[in-house]
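What follows is a short report on a single structure.
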Amino acid sequence: MRSHYCGDVNKSHVGQEVTLVGWVNRSRDLGGVVFLDLRDREGIVQVVYDPDLPEVFDVASTLRSEFCVQIKGLVRARPDSQINADMRTGEVEILGLELTILNSSAPLPINMDKNQHNTEEQRLKYRYLDLRRPEMADRIVFRSKVTSAVRRFLDGNGFLDIETPILTKATPEGARDYLVPSRTYKGQFFALPQSPQLFKQLLMMSGFDRYYQIVKCFRDEDLRADRQPEFTQIDIETSFMSSDQVMAKTEEMVRGLFQELLNVDLGEFPKMTFEEAMRRFGSDKPDLRNPLELIDVADIVKEVEFAVFNGPANDPEGRVAVLSIPGGAKLSRKQLDEYAKYVTIYGAKGLAWMKVNDLDKGMEGIQSPVLKFLSEDVVKALLERTGAQTGDLILFGADKANIVAESMGALRLKAGEDFDLLQGEWKPLWVVDFPMFERTSDGGLHAMHHPFTAPSNMTPEELEANPIAAISDAYDMVLNGCELGGGSVRIHDSKMQSAVFRILGINDEEATEKFGFLLEALRYGTPPHAGLAFGLDRIIMLMTGASSIRDVMAFPKTTTAACPLTNAPGFANPVQLAELGVSVVEAETKDSETKDAE
């Protein structure tokens, strides 16, 4: 039905007759000539209908937005004065010779113009229309190019594309599972996989030493801009490769993606330990475009007569750190109060500040509500430590170390945006040497990555003797403050795996019930293996500049995990529920809960 895509027509086709199909993006009658912008997934081209061809001109005059049409016409160069540099096809237009309306369109329920606003609900309800918009179509096409490039790279490096089960067993991976009731085994449930983690490890045990899969994963968790209940991973696992080798190979893949699709050279990725990232940036996924760093000053303020500072400064688990913001002294008291309110979101109790109004005036040039507690020597030491200059602002975080890191790390990002401090377009890095475990609120331990991550250079006995000191052989790839992917060397020894389960409070009986198949498989010559999983949606979001992964997925869910297009989730047929042995219990209303409480 067509000879070319609309967006592919260019000056090399001048003088040729072409056949195109697509949708009417816009139609207008200017001085008795109909100008039609025809759109398909590859772009838009202008078609001109002249009254000298009255039959086809009359049909063209009836066209409205989103009519689906076929046109035949002659490609001609536009006059220099009419060239549109903003369009890929802007040097040419098509003189329409024939026109067939393939289908008309009802009045549109959403605005198709990129400058017109539609609500998220409208866009998702009429997603098939939303996806016609060039901005959205470009992202979906780009996504396809990324997955194609990933497959070419991995296929070319000896990786095998192997599918793993979607109906599987629930395992503790940090989020709630989506459960699927079994009709055959009444009262029992499958779980949709949060990742193919255990199956890809089993593939390594099976001898398939280089595996990959572009795979759907499912997590029933609270959503935000970069989370969806179902999402796509680029899943990779290898045998007989060290963590450095896995990082090198996957870095090569990502650098190749950016070079091929964006013409961007990311350069070699620096490595940073988890401890350094938290100390300098308050985050294990630092945005290195932001030049601000957390500066420790506990040694300077530990003797001051101000409990807010000297308390954390003398607490082994406390921290006092500052941010020095160039030009920040111009902030009003109201704006500073907004910053103070902002850090409370992350557990901080408040925010002390110091303005350097005039460095040459000594203490008289300093303004701060806590200045009365600080000696001249302390102020001088703070200025030297931070390198603050006239017009700068120093912000203080003083609390438990984890609260200071989280609150000041978040404030660092906000200040970087507010003061337009970001430098460079792309700043990748590897974060390595993560703690293997971290404390839970009840004093227990949980795995920072997952329970199958191997420690660095420890025996099972050493690990159980001092688990909180263990460093995992894990690594995260970070770009512009977003975690692109994470991975680790896996445990390939059954004694080590059992030790980790015990540390996590999983006794031998529970371990056998949940992971017996894995523990059994580890007994039969399991090779050393390591891997990594990338969030495909997040990679596409970053590469296209989208604000949410919903804008790079064809049919995403809302932030409440619903689909306005299909009205999913929905109620099940009672007959189906009976076959499954499932009954629905209606949730109690707030009124009944109140009465019960009384």
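Quick reminder: no glycine exception, Cβ is built from N, Cα and C everywhere.
Between the candidates GLN213, GLN228, Swiss-Prot assigns the ATP site shared with ARG219, ASP220, GLU221, GLU483, GLY535, LEU536, ASP537, ARG538 to GLN228. Annotated range for region 'Aspartate' in Swiss-Prot, selecting from 197-200, 349-352, 409-412, 489-492: 197-200. Between the CA atoms of ARG538 (ATP binding site) and ARG490 (L-aspartate binding site) there is a gap of 24 Å. Classification of ARG538 (ATP binding site) by DSSP places it within a helix.
Annotation for GLU221 (ATP binding site): spatial neighbours ALA175, ARG176, ARG227, PRO229, criterion Cβ-Cβ under 8 Å with sequence separation of six or more.
Most Cβ neighbours within 10 Å among the binding-site residues HIS449, ARG490, ARG538: this distinction goes to ARG490. Reported as a whole number, the C-alpha separation between LEU536 (ATP binding site) and ARG219 (L-aspartate binding site) equals 15 Å.
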